[in-house]
Amino acid sequence: MEVNYFNQYKEETTQFEVILETVFKDIKEEKSMQVIFVDNDQIRDINKMYRNIDKPTDVISFPNDDEKDDSLGDIFISIDQAKIQALDYGHTLEREIGFLAVHGYLHLLGYDHHTEAEEKEMFTLQEEILNKANLKR
């Protein structure tokens, strides 16, 4: 799958792009997607504008509804929030970025976690993809 990266974060993000290339390399998908790296202020603005929630979050996905377009959609990842969560969960920042990207990707495909069954299905798929990329907990 083709992934296009856009860095709107204050630091270099090439190392995360390399990791995500490994994560998504074996996924057979005809459509591309965009991953945009942002900070907490930027994702807070996006969260407020589109979800009416005035606080930062870790990842937000926007599926592309235009069937003529060859893009699944856009995934915004807050590097600031990923750093906090990696410390909280006791794993690497690389693993957290991978998790957030896969989580966002599955949302673009229509997966969700509103019910216990949906959450189990989504999180099982996430772990399978991350384990293949050797980003285990």
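Every residue, even glycine, has its Cβ placed from backbone N, Cα and C.
As the structure is a computational prediction, the values presented were derived from the model and not from experiment.
Under the three-state DSSP scheme, HIS103 (Zn(2+) binding site) falls in the helix class. Residues or ranges marked as Zn(2+) binding site by Swiss-Prot: HIS103, HIS107, HIS113.
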*Please classify the secondary structure at HIS113 (Zn(2+) binding site) using three-state DSSP.*
coil
*HIS103, HIS107, HIS113 excluded, remaining Cβ within 8 Å of their centroid (Zn(2+))*: VAL59, SER61, GLY104, LEU106, TYR111, ASP112, MET122, GLN126
